[in-house]
Amino acid sequence: MHTLVFLSTRQVLQCQPAACQALPLLPRELFPLLFKVAFMDKKTVVLRELVHTWPFPLLSFQQLLQECAHCSRALLQERPSTESMQAVILGLTARLHTSEPGASTQPLCRKHALRVLDMTGLLDDGVEQDPGTMSMWDCTAAVARTCIAQQQGGAAEPGPAPIPVEVRVDLRVNRASYAFLREALRSSVGSPLRLCCRDLRAEDLPMRNTVALLQLLDAGCLRRVDLRFNNLGLRGLSVIIPHVARFQHLASLRLHYVHGDSRQPSVDGEDNFRYFLAQMGRFTCLRELSMGSSLLSGRLDQLLSTLQSPLESLELAFCALLPEDLRFLARSPHAAHLKKLDLSGNDLSGSQLAPFQGLLQASAATLLHLELTECQLADTQLLATLPILTQCASLRYLGLYGNPLSMAGLKELLRDSVAQAELRTVVHPFPVDCYEGLPWPPPASVLLEASINEEKFARVEAELHQLLLASGRAHVLWTTDIYGRLAADYFSL
C-alpha cells in the first residue's frame, strides 16, 4: 500500500540531478521518506546526497526502512541492495571529507547535523542470496574498507576538521577477514569515522584472534557476542570469557562446543569450568544464552545459578541434557521468563518427558518460540504433552522437525492448536507414514536422510491444508522447510 505522498516522492526522484538540486529547498520532515524511496528504488545519486546532507543527528536503518504510514513494505525484512548500500557509504565518505557539507546552500540548522549512522538490523538469514544484494559479510567488508580509507586518505579539505560520525554496525568475521577487520577497528580509533559494533559474530576464528578483536570493541556498544564453529572447549573459553565479561551491557551470548560433562571429569577441566562460571556471574544484563552442542549433562544448575538475572531466551540444542537438568530449569527463576526455548537434539522421549512437561508448564505464560527439532518425540509423547502445550497461549512458533510423528499425530496437533490464537508457524516433520521400510523407533539420521514417497506426502499436505481451512486457520504456516526465514531472533520477539 502506497499513499499519495509516497507516490509523489517517488515521482520527484525520477530525475536524480533535479532532485539533488531541490534537496536544500525541501522541508527536512520529508527526508525520512525520501531516504526510504531512494533506497528502495536504488536512486543512488539521490541517496548519496541525502546522507551527505542529512539534517538530523541520527540516520537509522531500523527507523527508516521499516513499514511506515506511507509504504507498507518493510525493507529490513529483505536483503539490502548492494547499489543502495554502497551509495550510503559513499555519502558518508563525502560528508567526512567536507568540513561543512553544503555550506553554501544548506540552512544553518542543517550543518553538521548527522552524528550517528545506524546500519544495524539488516537481514542476515544465511540463505542463498540474490547477486544484487549485500550480505552481512559484504556489509562488514564495505564498512571496514571505508574506515581504512578514511585513515589513509590524508588531510581533508582546508577548514575546520570534519565532525565525527559514529557508525553502528553488526560485524561478521572469519579467518579470511580477520586481519582486514582488525585494521579497520584500529583505524577508527581517533578517526572522524568511529566504528561501533552492536552484534559480533565470529566463525572459525582462533582463540587469540577472537581475543584481539574483543579488545578493540567499544564496551558500551556491544549487545551480542556469537562465536560459531570455533570448537573452543572449556580451555579456550576460559581464556576468552573474561574479555567478553567486560561488556556490561551484553544482552546475548551465543557459545558452542563447550565441554563440561561430569561423566569424564578432569582437574584442568573442572578448574576451567569453575572459572567460566565465575565469569558468567559478572553479566548483569544478559537475557539470551545459547550453548548449542555443549556437553552440559548434569551441569545446567551450576551454569544457570551463576547468572544475576533471569534469561528470556535459552538455547540448549544437542547438550545431552539429563532429567535433573530439565527439573532444575523448571524450578529455576528462568522458566517463568522464557520467551524462546530451544531443546533440539535432546532426547525427550523417555525419562526426560515428565521433566520437560514440567518445564513447559512453568514457561507456558511467556513462551513465544519453542524449538524441539530431533527430540525423538513420537505420537505417544506428543499426545501426552498436548494438554500442556496448548496452555502456551502466546506461542507463535513451534518447531518439531525430525521427530517420528505420524499423520494422525499431526492432525491431532493441528486440531488442538486451534486454541492458540497467536500461533503463526509450525515446522513439522515428514510423517512416518510417508517413508518406506522405516525402522522403529527411527533414528533422527534416518528421518533426515531416508527417501520420502512424494505422492503420499502430497496427500498429507493437501489434507493438512483442508483442515486449516476448515478450522479458520489458513493464515498459519505448516511447513517442512527448516531452512526458511522462519525462526525468530530473540531481539525480534
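Each Cβ is built from the backbone N, Cα and C atoms, and glycine gets one as well.
Taken from Swiss-Prot, the feature repeat 'LRR 1' applies to 111-146. The repeat 'LRR 2' annotation in Swiss-Prot covers 194-218 and is backed by similarity to another entry. According to Swiss-Prot, the feature repeat 'LRR 3' maps to 219-246. Marked as repeat 'LRR 4' by Swiss-Prot: 247-282. If you look up Swiss-Prot, you'll see 283-307 marked as repeat 'LRR 5'. The repeat 'LRR 6' annotation in Swiss-Prot covers 308-339 and rests on similarity to another entry. According to Swiss-Prot, the feature repeat 'LRR 7' maps to 340-360, an assignment based on similarity to another entry. Marked as repeat 'LRR 8' by Swiss-Prot on the basis of similarity to another entry: 364-391. Summarising the annotation, Swiss-Prot assigns repeat 'LRR 9' to 392-416 and lists similarity to another entry as the type of evidence.
Averaged across the repeat 'LRR 3' (219-246), pLDDT for the predicted model comes to 91. Break the repeat 'LRR 1' (111-146) down by DSSP state and the numbers are 11 helix, 4 strand, 21 coil.
According to DSSP, the secondary structure content of the repeat 'LRR 3' (219-246) in residues is 13 helix, 5 strand, 10 coil.
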